[in-house]
Amino acid sequence: HHTSSLMAQPFDVSNYRRFQLMRFSIEEINNSSSLLPGVTLGYNIFDHCSDTQNIPGIFSILSGKDPIDPWATRHGNVTKVTAVVGAYTSSMTRTVAPLFMPSHIPLISYGASSSIFSQKLNYPSFLRTVHPNKDVVDVIVHMLQHFQWQWVAFLHIDNDYGNDGRNVFMKMIQDKDICLAYTKKLDENTNYTTILKQIQIQNIQVIIVFATEQVAENLIESAIEMNVTNKTWIAVDSWSLNKKIPKLSGIRNIGTVIGVAEPDVTIPGFNKFIRALEIENQPGEFCNQFCNCSDLNRSEIVRAENSFNFPVYAAVHAIAHALHNTLQCGDKKCHKNSTSPHMVLSELKRSNFSLLNHTIEFDRNGDPRFGTFNIIFWNSSGEAEVVGVHKFQPSSHFSVNESKIQWHNSTVPSSVCSSECQPGFRKSLVGIHKCCFKCVICPSSTYINSSEDQYTCLSCDETEWSPEASTACNKRVVEFVPFEDAFAVVIMVGTVCLVGLCLLTSVLFALNYNTPVVRSAGGPMCFLILGCLCLSSISVFFYFSIPTVASCLLRFFPFLLFFSVCLACFVVRSFQIVCIFKIAAKYPSLQCWWMKYHGQWLIITLAFVVQATMLIFGYSFSPPAPFSDREWEQSQIILSCGIDFKANTASVILLLVLCCLCFTFSYMGKDLPKNYNEAKSITFCLLLIAMTWVIFVTQFILYQGKYIHTFNALAVVSSLYSFLLWYFLPKCYIIVFQPQRNTTQYFQGLIQSYTKTVSQ
């Protein structure tokens, strides 16, 4: 005994076709010699057009021919039902199914696609030959992704079928770049004008219609009346093969209709069966409903929309094969003559047979493991043209031939809330939808990996860099000045020459130690100055190659310490010159004290001790250390020595104080006798040194690339050469080339001339 959904109000030819297909299937099986040989299937069909009015009919099926008597004593099996085919819709099935589940009577639906029926705890004996909503929605999502449609509306019928479709769709797009811009339930009281206006306001170009044929017809007719144009409509399998809507006047204006449909499987012999059919031509009782079938003709049935035909055919054959196995049938006869619903159910779950090139199987939820979906397009002639296919077995595969689709605007339409960002830009959400955003450029030293996270600019590693709007980071180039660098070689050669000249000058002064020129230059102090110049030059060699802790220390320490001693010597020397010629006459006691306690050496020693103490103290707390400069040039890592200027402030101040004192005393002696006028030489040297370091500091402010260390070394060498060339070299020239000016008489004559000038 089987039940099937037949007719709704008004009369539906498609449902009538399915009803006749079920009759054909059963007669085909009864006429088969290989399937259920010797066994004739009986059936009862009625139209489930009302959930409330048809409950008595369900009870009648369950109880046999007689009405159920709740107070009667039960004897054995009351029902003669082996399996049930139906019902058509999810809502109808949800009403009927609970009545069959307690007895484990197999219920095979050919149209109920709601996900709730996959819950075996509630529906243990339910199976279906139609794909569940999740499969239909999966095809729709694949379609949206293929055409890159992100901003969509989802309109659905307000029943179990439509509500479940919406829920499945929302769950499936959670982790995808698809946004549900608008959703609305559709029923007999729906104001389609309001819905379509809202879709226009939100600029939604793609509309998914998850509804039955009648609801879809009402929606499309309203869209035509409102002159809604240039939209893409996605039809589900319940109305995608509709014959009436594609023929509506103005249907071409609404845009493009594509959809999901079950393949058109030709069932051999069915059309012949219909043509031989004798149709009741008088109004009367028909399948428990009143039907006026007088206007129905055979050609109309053949041409009727044929969706869900193969699921009906497969459902009947699945039951027949299950019975074939439970009755232990062979090629000619069956060895058992009775069975029970739960035995049939067990065999149904194990179904595995071929039917019209399909292998009929069910998964553990009772859902089909066979079949495909066609992607259809309503062409200009109003026919549903197949343009693609979606296969489920052995794995999900979606393909579509876009060249067959005649789009309303001649190209694949776009439906987005915001256009995709250019490479190197991140998305910043605007509102609640992930598809609505503004594009923000990723700043330098960051990048964006859109395949993993489209909303965050990631920072590059310290060893990497990137310009703004980057999608990847680049490796920084490590820069330093090697010993082999041309500038480094020139500076180091110059430093070696400086040391050599200092040694030669020392030898020359030693050989002429008792001459007036050497005496006037400072005598023994000259050797201290020359020695300190040599020791200061040590720093130059540590400005090159890869910095280390030791090289950073030696880069600054020798120069700061020994150059301070040089300056202290020149301070003392300048003071001595001024003292002899200007202060001694006015303050003779000061000269006596200076001579008695060797004031010059006390000052020099004090400067040395103070500077050494401050340097050691400062370096103990914050020593210079290798430092990687990543700020100056983002594509480079410049290796240098980091120095704490606060810790070295006192040392620098001491150098500046010595320079100021030296300059002050030397300037005071600018008008002294020419051969005694070391003050002028010292003043000139100090001006050169000051100019050198002003230039370097300016350069340091403007440029901090790798060659800043070369400039630093050059400033050190220039400072040392200033004293050597402009203080010592003129004296060497007199000693070697003008010995007549290096005599006691010559110097005494200069002093007498100066004394006469001063007295006048």
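Placement of Cβ uses the backbone N, Cα and C atoms for every residue, glycine included.
Per TrEMBL, domain 'G-protein coupled receptors family 3 profile' is recorded for 487-745.
Per TrEMBL, the feature transmembrane segment maps to 486-513 (among others).
Non-local neighbours of the transmembrane segment (525-544) in the same chain are 480-483, 485, 488, 491-492, 495, 498-499, 502-503, 505-506, 509-510, 518, 551-552, 554-559, 562-563, 565-566, 569-570, 572-573, 600, 604, 709-710, 712-713, 716-717, 720, 723-724, 728; each lies 6+ residues outside the stretch with a CB under 8 Å from one of its CB atoms. The transmembrane segment annotation in TrEMBL covers 525-544 (among others).
Residues or ranges marked as transmembrane segment in TrEMBL: 556-581 (among others). Through the fold, the transmembrane segment (556-581) approaches residues 522, 525, 528-529, 532-533, 535-536, 538-539, 590-591, 594, 599-600, 603-604, 607-608, 611-612, 615, 619, 624, 641, 643, 648, 651-652, 654-655, 658-659, 661-662, 664-666, 668-669, 672, 676-679, 682, 685-686, 716, 719-720, 723, 754 of its own chain, all at least 6 residues removed from its boundaries and within a Cβ separation under 8 Å.
Away from its own ends, the transmembrane segment (601-621) comes close to residues 525, 528, 553, 557, 560-561, 564-565, 567-569, 571-572, 644, 647-648, 650-651, 654, 658 of its chain (Cβ-Cβ under 8 Å, at least six residues beyond either end). Look at TrEMBL and you will find 601-621 (among others) tagged as transmembrane segment.
Annotation source TrEMBL lists transmembrane segment at 649-669 (among others). Beyond the ends of the transmembrane segment (649-669), by six or more residues, the same chain brings 560, 563-564, 567-568, 570-571, 574-575, 577-578, 581-582, 607, 610-611, 614-615, 618, 677-680, 682-683, 686, 689-690 to within a C-beta distance below 8 angstroms of the stretch.
The transmembrane segment annotation in TrEMBL covers 681-702 (among others). If you look at the transmembrane segment (681-702), the same-chain residues 6 or more away from its ends with a CB under 8 A from one of its CBs are 570, 573-574, 659, 662-663, 666-667, 670, 708, 711-712, 714-715, 718-719, 722-723, 726-727, 730.
Positions annotated as transmembrane segment by TrEMBL: 708-729 (among others).
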Surrounding residues of the transmembrane segment (708-729) on its own chain - C-beta under 8 Å, 6+ positions past either end: 480-481, 485, 487-488, 491, 494-495, 498, 501-502, 505, 521, 526, 529-530, 533, 536-537, 539-540, 543-544, 559, 563, 566, 570, 640, 678, 681-682, 684-685, 688-689, 692-693, 695-696, 699-700
